Every structure is written in structure tokens, then in C-alpha cells.
2 protein chains.
Amino acid sequence: MSEKRHEIDELGEFGLINRITKNFTLTNSTSLTGIGDDAAVIAAGNDNLLVSTDMLIEGIHFDLSYVPLQHLGYKAIAVNVSDIAAMNGKAEQVTVSLALSNRFSLEAVETLYNGIKAACENYKVDLIGGDTTSSVSGLVISVTVIGRAPAEKIAYRSGAKANDIICVTGDLGAAFLGLQVLEREKQVFLADPNMQPNIEKYNYLVGRQLKPEARTDIVFDLEDAKVIPTSMIDVSDGLASELLHLSNHSGVGVRIYEDKVPVDHQAYETAIEFNLDPVTCALNGGEDYELLFTIRKEDQEKINKHPDIHMIGYMHDRKSENVMITKQNNFVPLKAQGWNHFKEN
Amino acid sequence: MSEKRHEIDELGEFGLINRITKNFTLTNSTSLTGIGDDAAVIAAGNDNLLVSTDMLIEGIHFDLSYVPLQHLGYKAIAVNVSDIAAMNGKAEQVTVSLALSNRFSLEAVETLYNGIKAACENYKVDLIGGDTTSSVSGLVISVTVIGRAPAEKIAYRSGAKANDIICVTGDLGAAFLGLQVLEREKQVFLADPNMQPNIEKYNYLVGRQLKPEARTDIVFDLEDAKVIPTSMIDVSDGLASELLHLSNHSGVGVRIYEDKVPVDHQAYETAIEFNLDPVTCALNGGEDYELLFTIRKEDQEKINKHPDIHMIGYMHDRKSENVMITKQNNFVPLKAQGWNHFKEN
């Protein structure tokens, strides 16, 4: 019998997770939802608790040659808080585990924690635990966040129905373009260390990449407007990938309009400068940490004056037809080309 | 002004944690206990939730040249479940995040998860989430465990009073000696790859190192006996280090008797073979994952027939006097010489 070795990147991250977790079942009555959404759900009295975790690895998720440690600490918390917001919940606690090589001084660790602390204060979450150890090489940050929501307010990926309106917050593609700018400046610097980085005109994009914010404000605004999203996810891998998640979990199809996809003007101009299509950056760029959600048609008027919520399309009942309708009225199939940390290597 | 760089290993792990976390405060009413015990405590209806997290790094915490991946997966869960047991609680959920270099095949990852699954089934915990990513080098496993206990049953490190009886489960030092055996056999193998490892006579010690068990049985036994420990901790860094934690948190002193410290006979003989003092291995070895706890004197008779609970000493009111009374009736100060993952490098 041959024992062929199979490479992980044949499957990709989602394939690997599916393969591994299909043998696991939930047995405790308090485990309400396991793997497969932005956060797991645990019974806890009147509310449910939401649990999510993310690991950031130096050389894979961040490059310390242009990511300041303080921003990295902030981002590590923000992206986890975003996963709780994506369930329509409120983050309350985090644990932070660090592995550090001896390249890092005490001062460097304190700078990292200054960012963690700034994010904890901004999002009103408490640091309640963690683990700190040395590493053979580089920095690893693993964060687990715990949030809370009444059961009836939790928004899963699976609740969208045909005719629901698709909404997205903020603007998309800027974080990806910020990364392109930073990578280009790094190459310029490596070629000639006397060159000063020229990123001022890209300040919005670079800020979106280095210090993204979780849209916890939207969770409060939806509560005030008495709107519970029928489905919800945060935009970490790119709009197209997240739309396909909602389609897949909810069993309905997606139609969005190209001219409704929100792209900031700095992102638009920079995309052109890089010979990239701005909407493609929005669809596939990732790391925007905006919220993508669906609402019932009758809730539309409750939030259609919100300055930062954009209605970009609607759900329909043919679940395999996930398309973007272009400005020329062509139907373009949506494809997930988001970030795959296994395929990047 | 000089800006001196300070090295992390000047502080050690506990010093670093203290330094970093002293600026963080708990602000949410649901955050009952933060950093400083085996697990954090969160309000959740009638019960409290317990949260703990651990990160295992290849080359620091394990050596894949002699640690089978299946055992590693099992151990990653067991050591986290042990932290919940150390609060007198019951673990219910875990998240598992993995970073993997492309050295690992899909089959290797599945073997690791077979061990994780075996532990989840044995301890009746549900895998509810995680993150999977690539790494630049080696394997990183980060586990967060969530457990549960009624508020009045949670045992903190801080509750011991003078005259409380000090109890420890199982036997100590075997995991440390198992590691010595494995390291020796590795050196033999590196010197002559045709040599077969000779570990059969050390099977108990090697098993304690490679596949430790969390003492969840003791939590149930204490419940049956209607005993709530006044303080509790698990033995991960060595008995001496853990006793000093209880002394420090509770503000009382420790007296233990050398002849009461439980050491398995295989551990005893192997310590002698390695020219090590068996009781020193028990005091400083670490990774036993037994439970160390204190009980009120009046509870003593409720558990003194338990075959696996050993009463090794008592607390007294001079908190700076932490001693072991030797067989020759000498008083030896207890010192924490447990594992320090920063000082090992």
C-alpha cells in the first residue's frame, strides 16, 4: 500500500478546517454553536457568550520592518473584537498569549502591550489572562475574545433569506492597498536605505492596514435602530469571500451591484496607480474588518439614513447564482480569492 | 539620556507578566477575576465561567524527535483542562489554534487532531473553535479552555488559612524524570542512529511526560466528599513553586514534610540512576499536572481514606517561613526552581 503524503496547501485553510473538524461533535448542553461562524456560542444564564480566537504569526501576518509594535498590539485585539461584532455581540474579555524570541527586549514587549491596552480601553474589554513564553524564532500572538449577547440578538452566517437587503459598512479595499504601499516602500528602502519612505499621501490606506478598527459602533447603532441582522460576518478575507460564506451558510444566492460597492477615493486613486481595478481590490483585498450583513426588507428604512451603512444588493433564492452586476449590466460570478495564508507560502 | 535595552530573561516569565499587567484593570462587571490564578472567572448566570489559555511552541515546550504528535495533541488539551480542575471547576469547551510550517503533511495534522479528539472525549470537552495558519518555522499550538463552576465552589490560590492541611494528588517528579530519560535516549540515538531506544523500564515516567492526565477525577471526588478546598493550584512548575504561589496569594506560610512527598518507586530509582535526589525532582521537576490544595482541618477525615490524596503538611501564620522539614528534622527553605521557559534559552 502506498502512503502518499498530502500537502496542507492542497486543501487550503477552510478545507483543512473542514477535514479536521468533521469528526468532532458537540456533547455538552452548554455548547450551542461550535466551529463555522465568526464566534462559537455558549449558554450562560440569560445571555449567551461568544468566543473567538485568532493567531498572528510574524512573517505570515505581519512584517515588523514596517508594522510598529504598538499598532500590532492594537490590531491583535481589534480583529478579535471584530469577530464578536460580526455576531452582533459585545466583546467583554480577552486573553493574550505571546511567544517571543530573545530578539525582543522588555521595552519592545511593553510597546506591544501599550497597543493592546489602548485597544482594550477603546473597545471596553478586559485583559483577563494569557500565557507568555519564549519562541525559537519570531513573534506569535494568540488572542481569544469572549463577548456577550442575548440569544435572540445573535446574528449567524446562516440566517439570510431571499429578498433580504445586503449591507456593508465603511469602505473596502483600503487595507489591501495600504499593504501594497507599505510593501513597495519596503522594497525602495531595501534597494537604497537612504531613501525616506513616502507614505504621507497614502495615510488613510496605511492607517487602515496598520490600525484597523472593529465596527463595534455599528452593533450599538443597529440596537438603537431596533434592527437585528438576519445574517452577519466581518470582512477579513475580502467582500467576495464573505458574501459566498453568507450564501453558503444561508442557502440563498447573492446579487450585488458594482456601483454600490463602497471604495474610498484615496483607495480608488491608489488602485489605479498600482494598475489594479478598485472594485477588485474591494472584492478580494481583505483585512477591512467592516461588517457585512443582511436585513429584512421591512427594516430597510430604519437604517437607510445611516451615513456609514451601504446597501449593495440583495439575496435571492438560487443559491448557486452569486453575482456582481457591473456598471455595464453584465453578470460576473463572485469568486473567493481572499487571503489564504497557506497558499501564500 | 541613555536608553538601556532590558532583556526579558532578566525578569523571568512571572516578572514579565507582573510588569506588563500591572497597568491593566478590570472594568466590566462580568470580569470577576483576571490574571493571577489558574483561570480567570467570568459571571455567567447561576454559574461562573472559568477561562485559561496555554501556548506550546516546538523547540521550547516539546521536541518532535521523541514526542509523538498524537500524544502532543492529547497533552495540549490535558494541561488546559488541568487549569480548570485547579479552580475546582469542570472544563466544557476548548478552542485550538495551530500554526504549521510546510514540513507538516495533512496526515501529520490529522494525527495531532486524533490526540486532541481523544482528550476531548476523555475529558468531555467540546472543540468549539480555533484558527489554523501557516508558520515560518515549526509548530505552535495555542489552546483556550472554558470551564464552569458554581461561584461558591471555586477554589482560588488565595483562600488558604493557618492550620489548613496541605494535600497533593498522585505522585511527583515522574514527568521530569521521564523527560531526562527521553533526552538521554535522544543523545544516544544521535551518537549512533542504529541504537534502539531503551525506555521500556521507564514506561511509567515516559508516559507521565508524554501523556499527562488532568486530575478531573479529584474534582468529582471532592464534590462527593462535600469538601471545597480553601485554595488550589495544579503542579505544572514543580511542587515548591506551586506551594510558594499558595503562600504568596494566601498570605500564610507552608510547612511540608519530606517523608510525606509522594514519589513513585520507578521515579525514585531513576532519580538515583541519574544522580538526582528524588524529592528534589518532586519539588522542582514540574509537568506533573497533579492538584495541590488546602483543606480545613475539620474536612480532613472526609478524604483521608482517599488512596490518591496525600496530606503533606500544613499552613501556618508566618507567611515568609516556607519550609520543608527533612527526615533528619532540619528545616529547609522552599525555593522556586521550576521551569522557566525564558531562562532555558
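Cβ atoms are placed via backbone N, Cα and C, with glycine included.
The Mg(2+) 3 site in TrEMBL is built from B:Asp83, B:Asp234 plus one of B:Asp37, B:Asp38, B:Asp131, namely B:Asp38. Among the binding-site residues B:Ser52, B:Thr53, B:Asp54, B:His61, B:Asp131, B:Glu287, the ones whose Cα sits within 10 Å of the Cα of B:Ser236 (ATP binding site) are B:Glu287. A C-beta separation below 8 Å, combined with a sequence spacing of at least six in one chain, links B:Asp38 (Mg(2+) 3 binding site) to B:Ser52, B:Asp83, B:Ile84, B:Ala86, B:Met87, B:Arg157, B:Met232, B:Ile233, B:Asp234. With respect to B:Thr53 (Mg(2+) 1 binding site), the closest of these binding-site residues in Cα terms is B:Gly130, chosen from B:His61, B:Tyr113, B:Gly130, B:Asp237, B:Glu287. For B:Glu287 (substrate binding site), the binding-site residues whose C-alpha atoms fall inside a 10 Å radius of its own C-alpha are B:Asp237, out of B:Tyr113, B:Gly130, B:Asp131, B:Asp237. When the Cα atoms are compared, B:Asp237 (Mg(2+) 5 binding site) and B:His61 (substrate binding site) turn out to be 13 Å apart.
Filtering of the binding-site residues B:Thr53, B:Gly130, B:Arg157, B:Asp234, B:Ser236, B:Asp237 by Cβ separation from chain A (threshold: under 8 Å) yields B:Thr53, B:Gly130, ordered along the sequence. Annotation for B:Tyr113 (ATP binding site): spatial neighbours B:Gly73, criterion Cβ-Cβ under 8 Å with sequence separation of six or more.
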